[in-house]
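What TrEMBL says about this one:
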DOMAIN    86-340  domain 'SAM-dependent MTase RsmB/NOP-type'
BINDING   178, 179, 180, 181, 182, 183, 184, 202, 229, 246  S-adenosyl-L-methionine binding site
ACT_SITE  303  active site, nucleophile
Ligand SMILES: C[S@@+](CC[C@H](N)C(=O)[O-])C[C@H]1O[C@@H](n2cnc3c(N)ncnc32)[C@H](O)[C@@H]1O
C-alpha cells in the first residue's frame, strides 16, 4: 500500500498565504483519516502519528470554520471517526420540534389543527407523548393562533429530557434555577398539572421578560418568577423537593443552531463557565430537601458537550457533597456519558 505523505511545513506555509482551497483540505482530511486508521502501513514514520493528528485538526478548523483552539478541544473528546461525525452533524440543521402544552390541549387535537393550517408533522418518536416533529409549514410556527394561545412551545427534542429526568410530581415544590426563557419551566408546570409550586429563577433580568411571557401564554399558574444569581440559593429559599439546574454553558452542543460558538469561545471562557457551574451545582444541591418524602432529586443539564462543563462538574459536586449520589435518570435511550 502506498504511504500518504503529509505536506511539508513550507508547503503548508505557502498554502496559508492564500485563501484555502476547501477541496484540497477536504481531500486531505479524508486521506489523513485513512492513514490514522492504519498508521503502520500508510503513515510516514518520520513524521509520526501526532503530526498527522495536528494536520487533521488544523484542516478541520479550516474546513468547518472553527478556531484551532475549539477544533482541538472538541476533536479530543471523541475517537477519530466519531469526531468527524460530530463536526459533520454540526453542519446539519436539527429537525424543528414542538412540545404540546397539555395544560391547554391534547397532542392529537393540536396536530389536527396544525395539519388543517398546512403544517406537515408527525409525532417525535415513541419516547415522548407530547412532542411533534415539523417538516414544513406554510406559516411561521411562532405566529399561528395555536402558538399565540399557548397550545405549544417551540422546543428542541433534547431539551425535553432534563424535565423528563426531573420527573416532577403533583403538589411538589420545585426550583428551576436558570429558567429563562422557560421551555423547561412550562413543561414542569404541565407535568404537575398546575399544582404545587414552581420557583422559576434567572439571573438575567432582561431574559425573565420572555420567561414571564411564556408562563402567561401557556396558562401556567403555579409559578413564581425571581431574578437572583443562582448562587444565592438556598439563602433566598430552600427545602425544595426537586431542583433543575439547566446551567449557563458554552453551547458546544448546539453549534448547528448557533455557529458563532465555533470562533468565539476561549480557554478562559471554559474555565470561567466550569467554575460558575460548580458553584451553581452546590447551590442546587443545598437547596434540596434531602428528606423530601416524594423527591430529593436534582437534575444538572447543559447544552454543551465538553467534559469540563458536564462530567467534571458532577464529579466535583459528588466530592464536595458526599451525601449526594448518582441515580438513574429513568430515560432508557441514548448513551452513557464518561464515567471516569
Ligand atoms: C441554558 S439557559 C436556560 C434555558 C432554560 N432552562 C429553558 O429551558 O428555557 C441558561 C440560563 O442561565 C442564566 N444564568 C446565567 N448565569 C446565572 C446565574 N449565576 N444564576 C442563575 N441563572 C443564570 C442565563 O441568563 C440563561 O437564561
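Keep in mind that glycine also has a Cβ here, set from the backbone N, Cα and C atoms.
All annotation found in TrEMBL is predicted automatically rather than curated by experts.
Structure coloured by features recorded in TrEMBL.
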{"residue": "178", "record": "S-adenosyl-L-methionine binding site", "DSSP class": "coil"}
{"residue": "184", "record": "S-adenosyl-L-methionine binding site", "DSSP class": "helix"}
{"residue": "229", "record": "S-adenosyl-L-methionine binding site", "DSSP class": "coil"}
{"residue": "303", "record": "active site, nucleophile", "DSSP class": "coil"}
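Restricting the average to the domain 'SAM-dependent MTase RsmB/NOP-type' (86-340) gives a pLDDT of 96.
The Cβ of residue 178 (S-adenosyl-L-methionine binding site) lies under 8 Å from the Cβ of 201, 202, 203, 230, 245, 246, 247, 248, 280, each of these being in the same chain and 6 or more residues away along the sequence. Note: the Cα of residue 229 (S-adenosyl-L-methionine binding site) and the Cα of the residue listed as 'active site, nucleophile' are spaced 20 Å from each other. A simple Cβ count within 10 Å picks out one of the recorded positions 180, 303 as the most packed, and that one is 180. Taking the Cα atom of each, residue 180 (S-adenosyl-L-methionine binding site) and residue 303 (active site, nucleophile) are about 14 angstrom apart.
For residue 182 (S-adenosyl-L-methionine binding site), the number of other Cβ atoms no farther than 10 Å from its own Cβ, over all displayed protein chains, is 28. Rounded to the nearest whole angstrom, the C-alpha distance between residue 184 (S-adenosyl-L-methionine binding site) and the residue listed as 'active site, nucleophile' is 13. Binding of S-adenosyl-L-methionine is attributed in the record to 178, 179, 180, 181, 182, 183, 184, 202, 229, 246, and the widest Cα separation among these residues amounts to 19 Å. Taking the Cα atom of each, residue 182 (S-adenosyl-L-methionine binding site) and residue 303 (active site, nucleophile) are about 15 angstrom apart.
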